[in-house]
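What follows is a short report on a single structure.
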Amino acid sequence: MIADLPYEPLLEIIGVFVAAMSGALAAVRKQFDVFGILVLGWATGLGGGMLRDVLIGAVPPVGISDWRLVATAVLGALTMYFFHPRLERARRVIVVLDAGALAVFTVVGTIKGLELGTTAIAAVLVGVMTGVGGGVLRDLLTGEVPVVLHHRQLYAVPALIGAAVTVALWSWDRLDTWTIVGAVLLVFGLRVLALRFRLTVPGPWRGEAQG
Amino acid sequence: MIADLPYEPLLEIIGVFVAAMSGALAAVRKQFDVFGILVLGWATGLGGGMLRDVLIGAVPPVGISDWRLVATAVLGALTMYFFHPRLERARRVIVVLDAGALAVFTVVGTIKGLELGTTAIAAVLVGVMTGVGGGVLRDLLTGEVPVVLHHRQLYAVPALIGAAVTVALWSWDRLDTWTIVGAVLLVFGLRVLALRFRLTVPGPWRGEAQG
Amino acid sequence: MIADLPYEPLLEIIGVFVAAMSGALAAVRKQFDVFGILVLGWATGLGGGMLRDVLIGAVPPVGISDWRLVATAVLGALTMYFFHPRLERARRVIVVLDAGALAVFTVVGTIKGLELGTTAIAAVLVGVMTGVGGGVLRDLLTGEVPVVLHHRQLYAVPALIGAAVTVALWSWDRLDTWTIVGAVLLVFGLRVLALRFRLTVPGPWRGEAQG
C-alpha cells in the first residue's frame, strides 16, 4: 500500500508547485495564452508522475485524479503568470527549488515503482522518468529539444544515483523516513553541487582519429 | 457500463471524420507521404480518445480496437487526400465542423471518465484532453507548437466549461440524452461564438511595472 | 501466454540493439550529452514496444522491466557512442540492420497484440506502431518531424503488410516458428527491396486542376 510507506506528501506538493512554475515560465517566454500557461504548469508539475503512473498501471494517474496536486500545479502556474517579471530576476532561487523538485520526484517515483511490484531496473527507470519527465514534456510542448538530453550539466545523473540508492535501501529493507529524506537530500545536494561547480557530462566521443 | 449511457455513437463518428480531415490537411501542407497523411488523420481523429483511454485504463483504446472508428479516420484522411485543393477553399466549413468535433469529444470523453469511476476533477481533465488531445498530437507530429496552447482564440475554454457542466449534470443525476445534447451544443455554440466575434484569452500578464 | 508462443527472443535482442544504435546516432549528430545518447538509444530501441505495452495494458512495459532488453539498448547506444566515427561510414550496414529491427518488432508486436486478446485491427495497428514507434520517438526527442511520415521511401508499408499477414496466419491457426520467420523475412525483404530500388509512396495528391 502506498499509504504505508513513509514519504512526505508535503515534499511532493512543493515539488509540483516549483515544477509548475518552471513550466509556466517556459510558456510565458513563448507568449502562450493563459490556457497554455496553465497546461504547461500542469504538464511540467505532474507530467513525470503521470508518465510513471501510466507505465506502472496506476491509472488514472494522480496528476489528473488528485485535486490537491492539480490545484497545486494550477497555483504554481498562476503565481508565475502574475509575478513573472519579478520572478525572472529570482532565477537562482527557482533553479535551486527545481533541484528540490527533481530530488523529491525521483525518490517518490522510485518508491511508487517498487510498491507496485516492478523489477529493480524498472523502479530505477521509473524514478528517473518521474524526476525528469515533466521537464521533457515542457520542452516538447514548447517546441524545444528536451534540455535534459543535451545541456550537459548534471541533471539526470543525480536522479539516476538517487533512484539506484533508493532501490538499494529497499532491497536491504532499510527504507524508512530517515533514509528517504537522506536519498532526497543526496539528489538535491548532487544537483546543487553540479550547479555551483558547473559539473558537466561529456558530449559525443570524438574517437582517437579526430583527437 | 458504457452501453447504458445515452450518447450517440453517430456524433462520435462525425467528430472523428472531421478531426481526421484536419489532421490530414496538416500533413498535406507539410508534404507528408500517403502513409504520413493516414497516420495524421488517425492520430488527430482518435488521438484524444486514445490518450483518454490510456489515462483511465480502458485499454486497448477504442482508437485502435474499434474498426468502425479506425475506418472513419482513414476515410476522413483519404477524403482530404483526394479533395484537398477543393476543401482548402471550404476552410470555414471545416472550422465549424471542427467545433463540432471538439464539442462531441469533450462531452463523450468526460462521460467515459465518469463511467470508469474517476474523480470529478479527473473527469473534467480527461474530457478536455479528449477534446483537444488529437489536435495537440497533430501539431507535435508535424513539428509545430500545439496551436491550442498559444493561439489565444477560445478553443480549450469552451471544452473546459462543457466538461464541468457535464460533471455537474452527472453529480445532480441529470445526465440523459437531452442534457448530453445540450452540453454538446453549449461547447459548440461557445466555440462558434468565439470564432464569429474573435473572442480571445489573454497572453502573459505583463505586470504594473511594464504597463 | 507469451511464453507459449514460438518467437525468438534472440531476434528481438538484435532488433533492440540495432534500433538503439540508430537512436544514439541521431543523438550524437545533435551533440547530445552522454545521458541524452543513452536515453535516445533506449527510447528508439524500446519505445515501440513500450507504446505497444501501454496500449494493450501489458504494464510495466518490457522496455523498463526486462533488464536484458534495457541492457541491450544501453549496449547498442554505447557502441554507437564509442565507434560512431567508424560506424557512420558503414551506413549501408546500419540501414539493412534497421530493416531487420523493423521486421522483428512488427511481427513480435502484432503477436503480442493478438495474445492479449485485442481485435484484428488493433493487432495490426499495434504491430505497425511497435515497428515504427521507436523511430518516431527518436525523431520527436531530437526535434525532427518523424521521418517515417514524410520520407516517402517504403518503410511503414512493409510493416503494415507484415502485420496483416501475421494476423491472417493467426486467424487461420497457422502461426508457428516457420511462418513467423517467414513473416519477418517478408517485411525485411520488402524493406530491402524498397531501399535497393528506391521504391516510394506518393506525396499529397495534387488533383486534376493543378496537373
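Backbone N, Cα and C define each Cβ position, glycine as well.
Taken from TrEMBL, the feature domain 'Glycine transporter' applies to B:10-84 (among others). Residue counts of the domain 'Glycine transporter' (B:10-84) by helix, strand and coil are 65 helix, 0 strand, 10 coil (DSSP-based).
TrEMBL lists B:96-170 (among others) with the feature domain 'Glycine transporter'.
Sequence annotations record features per position, and here TrEMBL assigns transmembrane segment to B:6-28 (among others).
Positions annotated as transmembrane segment by TrEMBL: B:35-55 (among others). Proximity of distant same-chain residues to the transmembrane segment (B:35-55), defined by a Cβ-Cβ separation under 8 Å and at least 6 residues beyond the stretch ends, is recorded for 15-17, 19-24, 26-28, 61-64, 69-70, 72-74, 76-78, 80-81, 105, 109, 112-113, 126, 129-138, 141-142.
Per TrEMBL, transmembrane segment is recorded for B:67-83 (among others).
Residues or ranges marked as transmembrane segment by TrEMBL: B:95-114 (among others).
Under 8 Å from some Cβ of the transmembrane segment (B:120-141) lie the Cβ atoms of residues 19, 22-23, 26, 39-40, 43-52, 55-56, 101-103, 105-114, 147-149, 155-156, 159-160, 162-164, 166-167, 170-171, 187, all in the same chain and six or more residues away from its ends. The transmembrane segment feature in TrEMBL is assigned to B:120-141 (among others).
Among the features that TrEMBL reports, transmembrane segment is placed at B:153-172 (among others).
Residues annotated as transmembrane segment in TrEMBL: B:178-197 (among others).
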Cβ under 8 Å to the transmembrane segment (B:153-172), counting only same-chain residues 6 or more beyond its ends: which ones? 102-103, 106-107, 109-111, 114, 120, 123-125, 127-128, 131-132, 179-180, 183-184, 186-188, 190-191, 194-195, 198-201
Rounded mean pLDDT for the residues that make up the domain 'Glycine transporter' (B:96-170): 92
Residues in the domain 'Glycine transporter' (B:96-170) per DSSP class, helix first, strand next, coil last, are 61 helix, 1 strand, 13 coil
